[in-house]
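K.L.:
Can you read through this structure? Questions will come right after.
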Amino acid sequence: MNWSVFEGLLSGVNKYSTAFGRIWLSIVFIFRLLVYVVAAERVWSDDHKDFDCNTRQPGCTNVCFDFFFPVSHIRLWALQLILVTCPSLLVIMHVAYRKAKEQRHRAAGGDSCRHVYISPGKKRGGLWWTYLLSLIFKAGVDVVFLYIFYRFYRNYTLPRLVKCELSPCPNVVDCFISRPTEKTIFTLFMVVTACICVVLSLIEATYLIGKR
């Protein structure tokens, strides 16, 4: 990863965010992205390899694993983080578009001409709507993924033992998950941070509407 580019994006998001947006960004970067990169990926690196069933029937373990883990936590979190950060980049792109338009206007009319945007980064007009919709979209993405996790993994927990009776398993087979307690702790941590981010996004949207 090119960290200089990433640092530039973060500074741009911070520059055009409110105080609540800066808190949201800090939580996403420190408590979600870094935890995902540093720890969570390693915890789930052995999820399929160490998923053991008490049978040697060919295909049984793979079928049971696919049934109980239809989508990996890691892949879902990666998709969630991508979708939840994209709206902030749209705000930066909108500001960049305003700046470019202002520069073209001044180049055509001279320095004495009237400004199209006195402050391109000020949240007014279309930029206000872009920012507000980005907050709603971010909160909506987190809520949707919280529901998906709840549907796939009831109560966001992973059991130590699951019983599988799918074909080609010969009968009811006991299967054991690798490090279920550790994975449950990480899952609950990511769920709590996502809930905090949803609340912050809604508070920021309320603040933005009230300030206008």
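Here the Cβ of each residue, glycine as well, is placed from N, Cα and C on the backbone.
Below are the features listed in TrEMBL for this protein:
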type	residues	note
DOMAIN	42-75	domain 'Connexin N-terminal'
DOMAIN	141-208	domain 'Connexin cysteine-rich'
TRANSMEM	20-39	transmembrane segment
TRANSMEM	77-97	transmembrane segment
TRANSMEM	128-150	transmembrane segment
TRANSMEM	185-209	transmembrane segment
K.L.:
Can you work out which residues elsewhere in the same chain, 6+ from the ends of the transmembrane segment (128-150), have a Cβ less than 8 Å from its Cβ atoms?
P.N.:
16, 24, 73, 76, 79-80, 83-84, 87-88, 90-91, 94, 156, 187, 191, 194-195, 197-198, 201-202, 204-205, 208-209, 212
K.L.:
Do you know the mean pLDDT across the domain 'Connexin N-terminal' (42-75)?
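P.N.:
Across the domain 'Connexin N-terminal' (42-75), the average pLDDT comes out at 84.
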K.L.:
Going along the chain, which residues at least six beyond the ends of the transmembrane segment (20-39) come within the CB cut-off of under 8 Å?
P.N.:
10, 13-14, 74, 77-78, 81, 84-85, 88, 138, 186, 189-190, 193-194, 196-197, 200-201, 203-204, 207
K.L.:
Using DSSP, how many residues of the domain 'Connexin cysteine-rich' (141-208) fall into helix, strand and coil, respectively?
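P.N.:
DSSP classes over the domain 'Connexin cysteine-rich' (141-208) add up to 44 helix, 8 strand, 16 coil.
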